[in-house]
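Below you'll find the structure, written out as C-alpha cells, and then a few comments.
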Amino acid sequence: MLERKVELPLVRDNPLAQTMLLWMYAVLLMLTTKWVTQWDLDVGLVFFFILLLPFFVMLKWPHQPAVLYIGLMVMLIGKGMYALTTDPLFGPDARGYFRQVTFYSHLDDFIRYATEHITTKWLDSSAYPVFGLMYMPFFKFLDLADPLVIITFNSFLLVLCCNMTYRLNDKFFTYELSEAGKRTYNAVLIIGLLASPALMYMSSVFGKDITCAFLGLLCTQLLLNRRYLLFIIVLFYTSMLRDYSIVYILSFYLLFRRSFKISLLMLIGALGVVFLKVGPTGLLNSFMLTVFLFISPNPFKAFNWDMEFVMRTAEAVYMMISFGLSVTVFLRHKETRSFFAMCLILLLTFGCTLVMVGFVTVTERNLEYGVGTIGDNMVRKKVPVVPILYMMNAYTLAWLFRPKAVHSKKGEACHPRKGQISSLQRISEPAYGAVLDHSEASAQELVARDRPAAGAPGACNALLPSQAVDSEVRR
C-alpha cells in the first residue's frame, strides 16, 4: 500500500502556534527563575539570562544570525557590567517604587490600594501605584524583596522593545531603501538597540522608563494594526504612567504612516504652546533639547567621562557623528529627505513636550528658568524615542554603504559591472548585426554554389546561417 505523506505546517509559519509556544516558554522561564532564585539570587539572575537566550531566538527576527548573536552578546555583557557597578535604587523615585515591595507583604493588599487610588484620582494619579501594577505581581510571584530582581523584569521588556521595533519596521517601513540596504538597516537597528548603553543602563535600575518605551511601542503596534479597543485600554494605562505618552505614540504612528502634514501641524501646535506658556526662551530650549536627544550625556563635560558614565557618553559621541552623517546623506540623496524631515519634526515636537515638562518641574520647585534649563535627567526622558534615533542611524548607514548603482533613463537600477556589460552590448549591436547579415549572405551563396550537387547524399549537410556565423567568428 502507498503511504500518504502528510506535511505538518512549521510552527514559525503558524502565528497562533508560535504565540502559544512563546507564552508557554515564558511561563516556564518564570517558574524556573522562581525556583533557582529561592536557592540563590545571584545564581538565579545568571540562570534567567541563560534561559532568556531560547526565548530571544523564538521571536521573529530577520535571517541574519550573526547580527542577532552580536547584538545579544553585547547586551548580556553590558547588562552584567551594569549589574555589578550600578545601584538599582539610583534616586528617590526608585526608592519609592521599591518601598512598595517591602511595605505590602501580600499582592492583594497592594491591589486594593492601587485600585482605590486610581478610581478616585485617575485624572491626577501617582506613578507609584500605577507602575506597581506592572512590577508588583512579578516580585510577589518570585517572593523576593531585593532590588536586583528589577533587572530581570526590565531586561525581558528590553528584548521585547527591540523585537517590536524591528517588527514595526519590517511591516510598516515604506521609505526608499533597496533590498541590500534593508539588510544593512535591520542589522544596524537591531545591534544598536540591543547594545545601546542608555537602554542597558535604564533597564538595570528601578525605574519606569523601559516600561514606558515598551507600552509606547505596543500602543503604536495596536493602532497600526487597527486594534482600537485594545489600543484605548493600553493608552489609558500608559497615560496614567506618563501623561505625555500620547506624543511619542503619535510620533511613531505618523512616522510609519508618512503623515507629513499632520506631523507639521502637531509641531506648529507644540511650538505655539511653548511660546505662549514659556516664551522665546522656551523655543530656544526646544531646539537645544532636540539636539541633546542625540548628544546626552554631554560629551564636552569632563565628569561625563568617568567610569560610571563613559559608555553612555561614548554613545552620545557616536550619535553626534551619526547625526552629522545624516545631514550629509540628506543633502546628497533627495530620496532620503522625506524620512529625515519626518524624524526631525517629530523629535522637535517631543523636545517641545519635554520643555513644558521641565518648565513645570522647575517652577513648582521655585527655581529660576533660563536658557539651557532642562529640569530633568535627559538620559531618562529620551528613552521612549531612542528607537527613532537608531532608525535614523540605521537609515543613514544603509544609504552610505549601499551598493553603487547606475540608473537608466527609465529609472531602473543595475549593478555597475552589469551596466557596463549591457552598455558594451548595446554599442556592439550594430556591428554584430552587420556581421550577421554578411555571414547570412555568404552562407546563401555557398548553398547556391553547392545546389547542383544537391542530389548527393551529403547535400543535406549544407551550412545553416547560424553555423556560418559560428565558423566566421572562429576564423
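Cβ from N, Cα, C; glycine included.
Feature annotations, reproduced from TrEMBL:
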TRANSMEM  20-37  transmembrane segment
TRANSMEM  43-59  transmembrane segment
TRANSMEM  66-84  transmembrane segment
TRANSMEM  144-166  transmembrane segment
TRANSMEM  187-207  transmembrane segment
TRANSMEM  227-256  transmembrane segment
TRANSMEM  263-296  transmembrane segment
TRANSMEM  316-332  transmembrane segment
TRANSMEM  339-363  transmembrane segment
TRANSMEM  383-401  transmembrane segment
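Between the transmembrane segment (316-332) and the transmembrane segment (66-84) there are fewer than 3 Cβ pairs closer than 8 Å, counting only residues 6 or more apart in sequence, so the two stretches are not in contact. Contact count against the transmembrane segment (144-166) (Cβ pairs under 8 Å) is highest for 187-207, out of 20-37, 187-207, 227-256, 339-363. Where the transmembrane segment (339-363) meets the stretches 20-37, 43-59, 187-207, 263-296, 383-401, the count of C-beta pairs under 8 angstroms peaks at 263-296. Within the same chain, residues 11, 43-45, 47-48, 51-52, 54-55, 58-59, 141-144, 149, 152 sit at least 6 positions outside the transmembrane segment (20-37) and bring their C-beta atoms closer than 8 Å to a C-beta of that stretch. By the Cβ criterion (distance under 8 Å, sequence gap of 6 or more), the transmembrane segment (383-401) is counted as touching the transmembrane segment (227-256), at least 3 such pairs being found.
Sequence-distant contacts of the transmembrane segment (227-256), counting only residues of its own chain at least 6 positions beyond either end whose CB sits under 8 Å from a CB of the stretch, comprise 118, 122, 125, 127, 130-131, 133, 168, 172-174, 208, 211-212, 215-220, 262-263, 266, 342-343, 346-347, 349-350, 353, 357, 384-385, 387-388, 391.
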